[in-house]
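Under the heading domain 'Ig-like C2-type 2', Swiss-Prot lists 137-223. The domain 'Ig-like C2-type 3' annotation in Swiss-Prot covers 241-326. The annotation domain 'Ig-like C2-type 4' is assigned in Swiss-Prot to 331-407. Under the heading domain 'Ig-like C2-type 5', Swiss-Prot lists 413-500. If you look up Swiss-Prot, you'll see 608-706 marked as domain 'Fibronectin type-III 1', on the strength of sequence analysis. Residues or ranges marked as domain 'Fibronectin type-III 2' by Swiss-Prot on the basis of sequence analysis: 711-808. Per Swiss-Prot, N-linked glycosylation site is recorded for Asn208, Asn258, Asn338, Asn457, Asn473, Asn494, Asn521, Asn593, Asn935. The annotation signal peptide is assigned in Swiss-Prot to 1-20.
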Amino acid sequence: MKTPLLVSHLLLISLTSCLGEFTWHRRYGHGVSEEDKGFGPIFEEQPINTIYPEESLEGKVSLNCRARASPFPVYKWRMNNGDVDLTNDRYSMVGGNLVINNPDKQKDAGIYYCLASNNYGMVRSTEATLSFGYLDPFPPEDRPEVKVKEGKGMVLLCDPPYHFPDDLSYRWLLNEFPVFITMDKRRFVSQTNGNLYIANVESSDRGNYSCFVSSPSITKSVFSKFIPLIPIPERTTKPYPADIVVQFKDIYTMMGQNVTLECFALGNPVPDIRWRKVLEPMPTTAEISTSGAVLKIFNIQLEDEGLYECEAENIRGKDKHQARIYVQAFPEWVEHINDTEVDIGSDLYWPCVATGKPIPTIRWLKNGYAYHKGELRLYDVTFENAGMYQCIAENAYGTIYANAELKILALAPTFEMNPMKKKILAAKGGRVIIECKPKAAPKPKFSWSKGTEWLVNSSRILIWEDGSLEINNITRNDGGIYTCFAENNRGKANSTGTLVITNPTRIILAPINADITVGENATMQCAASFDPSLDLTFVWSFNGYVIDFNKEITNIHYQRNFMLDANGELLIRNAQLKHAGRYTCTAQTIVDNSSASADLVVRGPPGPPGGLRIEDIRATSVALTWSRGSDNHSPISKYTIQTKTILSDDWKDAKTDPPIIEGNMESAKAVDLIPWMEYEFRVVATNTLGTGEPSIPSNRIKTDGAAPNVAPSDVGGGGGTNRELTITWAPLSREYHYGNNFGYIVAFKPFDGEEWKKVTVTNPDTGRYVHKDETMTPSTAFQVKVKAFNNKGDGPYSLIAVINSAQDAPSEAPTEVGVKVLSSSEISVHWKHVLEKIVESYQIRYWAGHDKEAAAHRVQVTSQEYSARLENLLPDTQYFIEVGACNSAGCGPSSDVIETFTRKAPPSQPPRIISSVRSGSRYIITWDHVVALSNESTVTGYKILYRPDGQHDGKLFSTHKHSIEVPIPRDGEYVVEVRAHSDGGDGVVSQVKISGVSTLSSGLLSLLLPSLGFLVFYSEF
């Protein structure tokens, strides 16, 4: 949406008088001289609306005004359209700034503006309001307590004290400062009135509440007396429907501002709040708070205007509220006035255009005083109209100023700044314009001479209104000295230049038309004759646009021949269809130019067909029509229709009717399509030079539905739980659904039965159906088959498959269940085999004593196994264990529960290796005894692993001593790992490296490297 425009023009015609009280024109005689560098005031800083806190300790306030001008400006202030009395001690000026000491609300509140002037004129600043801000304290009286039943909604009123301005922010204290309430879906503090809303009261809401009010404009905060809130307990809290109690009103806002809408509802349970813009999408800059109670629209635009709705809903009901946002716009310049110089006696068109909503009005100031309203036209104006002008656009929401200085020029003609060229070149037979542009006001009269001969207008010679001299059909005799004379009522002046005649530039070898195929090269020749005293350049253009040979993309295809003088030959390499068109060679000097053109035809594959339309949509075919594209100078031989379904990103050639679409056809059918499938279509054309670009794809269409014609595959099943028949199949992919309401019909009967039982499965993605029948005999053979259906009919049945119904779960529980505690983390469980043939596996369930049975872990073993090992158990922990027999139908009854305890954890301290000493052909490794902690298993011995460095396997020793002898390695390094052993398992490892070299290097003998090592167990240990 665009804001309306207001256009105002200042038209100055025949400027004729003087400036009045300003004297600058007197200094310069009859007008502004060329040396005049002065200018009127231009504001660099203007006063802004200011709020002075009544309780401020500063004791003064400043309103700023600063202008740039030459000479320096003089400043003056006005308040409520009266002059500010600067003789009063309370007022002072610092530069252009007004300083008010000890501001008084009764005397100083009002509207201020600044005037800045010098001898060029006066300008008036924007208006600024000085107001006095305050925030009174809350009344000292105590606030009564509030009692509310739990589950009911509640509002605590803030009732803020008297204040100015209105931009307050609100928070609520709970019991003490600075504990503030956090807003959520249940609690909301309105920033409109400050009230605290609780959707439904809970017992946790009990406490003392205080409304905390802040005024950011005067940086002051106050808070109310505390309000005791006492929730009344209820046996059961009754739900009640949503009730919107915080409602937003119709608002008018300004474009570019941020808008906040509040909406909060009481209700039990807490209502959910949703926002929408009625009949339109929400603004892209809209944000909804986490609680949902606040909608913020940032940088609102005109198109965001409209009706907004919030809806609150819980399980008991919903409530709605609507209000409208009206978006207005500050005035904004579309075109404004600028500093302007005009000749005395001339005309001026000075536009002033503003936009806004509502439409702004235009008024004018001259030298700070009201001058005119609306469109301003000035006739027959002189020096009196010079000065500072201000165009003011204003509506109900704002005012903008455009300032400009109007200078009146009055001076005798002078060529000092712009003399005639001393030497002018012109080609024989051509045309020349000799400019004559002196500075003069009013506009002078012009005359010309050649040598001693006065020139007058003729068929070849024309003196323009601006003083320029035009000569056509130039001959050698036109060469010579020319003088321009300019005269006005202020004086006269002249300027002289010499016209030199040169030979004309002519194309002597023009480019000729060419006809090529895509990928070939073409040469455009061009040569010219020219005056030898001048430099010649060639410029090539394509279809009216100059070819830029410096661009990398251009250099790929265009190349110029610089080898020959006066030759501008152009080579077009690897030409493409886009290079076909008109090429123009221009030979040019600084004096004249000559051009010649030729056409390049590039033959290639056809362009894309256009206007593709889809008609007569059926289940397996559609009719297509299109319009013929460009044949690119080679007749189209055939068309190809291509399709793409919603299930694929690839385009494929479609089968068509007729099978071959001749090049003179513009319609055909695509056949053998999939029913009830979404398709896109496109058409490509082919000629002898290749296949062209495809047409723009059609809109996506869906073919009509049809009954399925594909049967499900992989029909089978069996297994399941007691009294179940499980039937499975491979679901048909989406492309074979062929219609809406797709599903499956499952048919089954006992192997020797006569009558088929049929059931309907409506889920198109499922491939499984389970039939439950308490009378069904376990492990009974059934014949099954499946077919698909949709709203158009049924498809064919699949091949018949034979499956068995589920067998019964085992009926006996394992007996003689026993356990053996192996360590702190392992238990071995064993049981007696169940004799039933239908047992396929055993399941061991176990759980810790501090856990519930529902959290039990499970271990499954085959029916041939009668024991299992439980690992990763907690040390020193009570466990319960039971065993059950299972098959595909489920598990039978469990055994009696066995209670047992894991052993304490193994020692956590590694053995500290004291020494590693070589003695003859052996090493003696010695370590400290490991003492177990109170919650650890007692050390019963030590395990020593002797292995090559870098390998995990080695030789394992055990001992009750604190040392061991191991052989010296034959070659390389070995690692000796030592760990304590206990009933709870093996402890943490220590290790040392030993070497097989004759002299033991201290660097190879590392003392204790505590870590959790890789533990290798051997059955013989």
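Using N, Cα and C of the backbone, Cβ positions are placed for all residues, glycine too.
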Taking the Cα atoms as reference points, how far is Asn208 (N-linked glycosylation site) from Asn521 (N-linked glycosylation site) in Å?
91
Neighbour-count leader, CB within 10 A, glycosylation sites: Asn521, Asn935:
Asn521
Need a quick answer: max count of Cβ pairs under 8 Å to the domain 'Ig-like C2-type 5' (413-500), which of 137-223, 241-326, 331-407, 711-808 is it?
331-407
Could you state the whole-number distance in Å separating the C-alpha atoms of Asn473 (N-linked glycosylation site) and Asn258 (N-linked glycosylation site)?
69
Rounded to the nearest Å, what's the C-alpha distance separating Asn593 (N-linked glycosylation site) and Asn457 (N-linked glycosylation site)? Just drop the number here, would you?
26
Which of these glycosylation sites is closest to Asn338 (N-linked glycosylation site) if you go by CA atoms: Asn457, Asn494, Asn521, Asn935?
Asn494
What are the sequence-distant neighbours of Asn494 (N-linked glycosylation site), meaning same chain, six or more residues apart, C-beta distance under 8 angstroms?
Phe415, Thr483, Cys484, Phe485, Ala486
If you compare CA-to-CA distances from Asn521 (N-linked glycosylation site) to each of the glycosylation sites Asn258, Asn457, Asn935, which comes out shortest?
Asn457
Translate the DSSP assignment of Asn593 (N-linked glycosylation site) into the three-state scheme.
strand
Using DSSP, would you call Asn457 (N-linked glycosylation site) helix, strand or coil?
coil
Quick one: pull the CA-CA distance for Asn258 (N-linked glycosylation site) versus Asn935 (N-linked glycosylation site), whole Å only.
66
If I restrict to non-local contacts, at least six residues apart, and a C-beta distance under 8 angstroms, what lies near Asn457 (N-linked glycosylation site) in its own chain?
Ile463
To what whole number does the mean pLDDT across the domain 'Ig-like C2-type 3' (241-326) round?
90
So among the glycosylation sites Asn258, Asn338, Asn593, who's got the most Cβ atoms within 10 Å?
Asn593
